[in-house]
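Trainee: After the structure tokens below, expect a handful of questions from me.
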Amino acid sequence: MSITSRMDLPEEIQHPYAKFSEWKFKLFKVRPFQKEPSDKSQCINKDQEQEVASTDKNITLHKDEEVPRGEKLILTQKDFMGNTQALEKDVNDMKIQDNTAHQNNLKQLCRICGVSFKTDCYKRTHPVHGPVDDETLWLLRKKEKKATSWPDLIAKVFKIDVRGDVDTIHPTRFCHNCWSIIHRKFSNTPCEVYFPRNSTMEWQPHSANCEVCHTPSRGVKRKSQPPNVQHGKRVKIIAERARVNRGIKNQVIKNKNVMKEITNCKNRHLSTKLLAVDYPADFIKSISCQICEHILADPVETTCRHLFCRTCILSCIRVMGCYCPSCWYPCFPTDLVTPVKSFLNILDSLSIRCPVPECDEEILHGKYGQHFSNHKEMKDKELYNPINKGGRPRQHLLSLTRRAQKHRLRELKRQVKAFAEKEEGGDIKAVCMTLFLLALRAKNEHKQADELEAIMQGRGSGLHPAVCLAIRINTFLSCSQYHKMYRTVKAVTGRQIFQPLHALRTAEKALLPGYHPFEWKPPLKNVSTNTEVGIIDGLSGLPLSIDDYPIDTIAKRFRYDTALVSALKDMEEEILEGMKAKNLDDYLNGPFTVVVKECCDGMGDVSEKHGSGPAVPEKAVRFSFTVMNIAIDHENERIRIFEEVKPNSELCCKPLCLMLADESDHETLTAILSPLIAEREAMKNSELLLEIGGILRTFKFIFRGTGYDEKLVREVEGLEASGSTYICTLCDATRLEASQNLVFHSITRSHAENLERYEIWRSNPYHESVDELRDRVKGVSAKPFIETVPSIDALHCDIGNATEFYRIFQMEIGEVYKNPDATKEERKRWQLTLDKHLRKKMKLKPMMRMSGNFARKLMSKETVEAVCELIKCEERHEALKELMDLYLKMKPVWRSSCPAKECPELLCQYSYNSQRFAELLSTKFKYRYEGKITNYFHKTLAHVPEIIERDGSIGAWASEGNESGNKLFRRFRKMNARQSKFYEMEDVLKHHWLYTSKYLQKFMNAHKTLRSQGFAIDPDDGLGDSLPPEISLESNDSVEL
């Protein structure tokens, strides 16, 4: 019980010896040992004291009233308890009022600097929590800063964490002056702001001595001084000013001395007294540090344009706060910049006297470090006298053999090893390289020091390994050729510009399939869960027995799922940039839908004159895929975040399987591609879990087999060959029906229907004859094993139609419309006449087999004009020109990647043009198309609009990229020639995969851009003109060394 409460008790219930202590100390004049009531106990104001006094009066009973002792005690206790509770309630109410008043006072103070808002005449304040205002948000976006809330900015600028603030302790707003400081931090334009404190404001909970509540009322009265009548008013003012100025000057001198003690750089920096020339005082002040008054060493400039030594200003900022020591303008370490180069040149050209005793040499300030290090070396040499026990003169360390160097440095090596084990965990290499780096810096050999530092940090002084790998791949260098170039460049320049082969192999591992972990949900059926699978044999997993068909082939492939994973990881940046471009959050995990175009094509003769191994067919088949687009399902909408810009480029057509086999060999083709197709079918019903951008994301795949020519479509879909009566792979029309009805057909065939028809063909459930059964199944004669999309391959359509026009030209020259019964010799003569004329007029060289380039040049108005010179009839001229004109209007519709954007008018006119084209064929060229029509003419006239309406394009889904890949295959095979064809195929597959890597393409494009802009390696430092002329990175051919 407190003293106050004990004194307030009535006499009946007070302690019997309560008065004794007071009587005792009065008697002996001894001061009582009771503590004085604290400030908290004195917080009760006068109103409370009056209330307490009144309650005391009510509690005390009059002596005249007679009450029994027991009743008197009970009554006194009840009244005392009731009044005590009332007193406590009043105290609590007062505490609540005090806290409310405290919070109201806090609302008038700045959270950061503690200044009252009343000092600002505009009463401008800003909330501590919540998003920033529009002006600040615009500034942050302009400076590309990520922070968008006040707590982040306050923590960054003032190093104050306001996230844990309590409203009863901390103010909730800050002043406009602090707001200006934040703006100045993120803008380059200086503004006059002043931060009134050197340290952050510390806020305490409310108490009796609360500074927030009592500061305004606690004023210090000025001592009243009698007026001095002896002096006049002016004399008094002058004296006061002199006293103030003297105080300020003394304070400035004191501050400078404190700052000099903080920096303590007199042993490191050069004094201005060492200047060899008697420069003007103002000039000396401009080249000296404002803190230590020495010559500027590693000078830096503040925002307020004062100059300091870097170490001096950083030391002062660390101790005294973020202000300029000269003008106390806010200054942060990040604001320090190097002065202009012309000023540095002036500083380096100053002549100074060497401070070393017995050395009066005058040297330039810029070369003082090297001069001083020479003194230090001489001093060290004087202290160290090498022991030479006679014999031949002592040789320099670098001229010794490696064994002799080890012997001489044996003691030093032992000491370095002991230091490394004691201090650096045994890392001797790091200690030695750091010693070497410091030695280079001390000798001002900064160029070599930068190269060594780059090597220590893993960057290397030359090109990045990925750049070297991109150069090797894009210049078609084999490993041995690259290694020869690497050794030649290193020997000629003396530097390691290119990286060694082992660094390139490390870089390419991350780009090849089988490197990145992934998972399928549910797991793929009949596919291993092992993700570290690289190049595998195309025949692996194929059960063979003695009775099986013998397979004479060499096949190498990637597993389909690992190849897709590697392709997606290679496109990681494109995926994230696409999400950013569509304003999607980068943490969305999908599901992503990936649309894949599949291509397969056979190559002709790929024979080589070298290599050992089994006698395999000298024909090849390539299976490849292209990631066409990636979309994400977000808010019930499918948003496309990636779309291949050049879907027919060989740079995006990734190889999946290479085999030396004939595409006409159905058994071999089925044996090799069946495992691959099984993986494809398994992936259709599963989802891929792959980490993209550090977040696990979900991918689904849609496979579209569109990059097949007609021959291969018929092979894999089980249809009869191209000369069949059933001429179309999209509909069931026969050749006669197609010639009679040239335009009006629709797509009816599908992979599922072909499988059903094969079962009918195999089982013949209706016991029909061969002709009846063939008519029922519409030309299906084998089991389909690859699902293709019923479509037109634009490239082969172009080639097929050009071949047909080539024949029409010959027939028009021979006037077959008059004489249909021409002999074979006459037809051969027409062809020779046409070839000779095209060579002369169009520079078209005759070809045994028409290529895409020949078809493009042939199908032009100029060619028709040239051919018409060989035709006599003007009417035939008009018919032929109109036919070519209609074809050239129809061609862009199926050749363009997006006809709705690239040629919308021709797309609208396609139906009319195709009908007019069909009318010309059936009238003017009836001699050729009566009762028959070519396969591609039928597809061109009948199915193009329907396919475009379904897919949006025909050209984008063509096999042109795969055809370009065929050319690359031949080139890679010549380049990677090895003794074994097995390893040769692996090299070709690996090299071709890396050639299609978007990651390497970015490096190569950046490298070419730098070279084209003139940022090539300096001749004195790198390649330049010192390279032999036969080594050129711009060459497209293999380098012969």
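Just so it is clear, glycine is given a Cβ too, placed from its N, Cα and C backbone atoms.
Given the structure is predicted, the values throughout are model-derived calculations rather than measurements.
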Trainee: Which one of Glu358, Glu960, Glu963 goes with Asp601, Asp709 at the divalent metal cation site, as Swiss-Prot has it?
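Mentor: According to Swiss-Prot, the candidate sharing the divalent metal cation site with Asp601, Asp709 is Glu963.
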Trainee: Which of these ranges is annotated zinc finger in Swiss-Prot: 80-109, 350-379, 800-829?
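Mentor: Swiss-Prot lists zinc finger for residues 350-379.
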Trainee: Can you figure out which of Cys304, Cys324, Cys327 (the binding-site residues) comes closest in space to Cys265 (Zn(2+) 1 binding site), comparing Cα atoms?
Mentor: Cys324
Trainee: Are there residues at least six beyond either end of the zinc finger (350-379) with Cβ under 8 Å to its Cβ atoms? List them, or say none.
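Mentor: Tertiary neighbours of the zinc finger (350-379) are 270, 274-277, 287, 295, 442-444.
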Trainee: Which of these binding-site residues is closest to His269 (Zn(2+) 1 binding site) if you go by CA atoms: Cys304, His306, Cys324, Cys327?
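Mentor: Its closest listed neighbour, by Cα, is His306.
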Trainee: Report the DSSP secondary-structure composition of the zinc finger (289-328) as helix, strand and coil residue counts.
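Mentor: Once the DSSP states are binned, the zinc finger (289-328) shows 11 helix, 9 strand, 20 coil.
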Trainee: Out of Cys304, His306, Cys324, Cys327, point to the one nearest His294 (Zn(2+) 1 binding site) in space (Cα versus Cα); all of them are binding-site residues in the record.
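Mentor: Closest candidate to His294 (Zn(2+) 1 binding site), judged by Cα separation, is His306.
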Trainee: Looking at the binding-site residues Cys265, Cys292, Cys304, Cys324, Cys327, which sits with the largest number of other Cβ atoms within 10 Å of its Cβ?
Mentor: Cys292
Trainee: Could you state the whole-number distance in Å separating the C-alpha atoms of Cys327 (Zn(2+) 3 binding site) and Cys292 (Zn(2+) 1 binding site)?
Mentor: 16
Trainee: What's the CA-CA gap between Cys292 (Zn(2+) 1 binding site) and Cys324 (Zn(2+) 3 binding site) in angstrom, rounded?
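Mentor: Each residue's Cα considered, Cys292 (Zn(2+) 1 binding site) and Cys324 (Zn(2+) 3 binding site) end up 14 Å apart.
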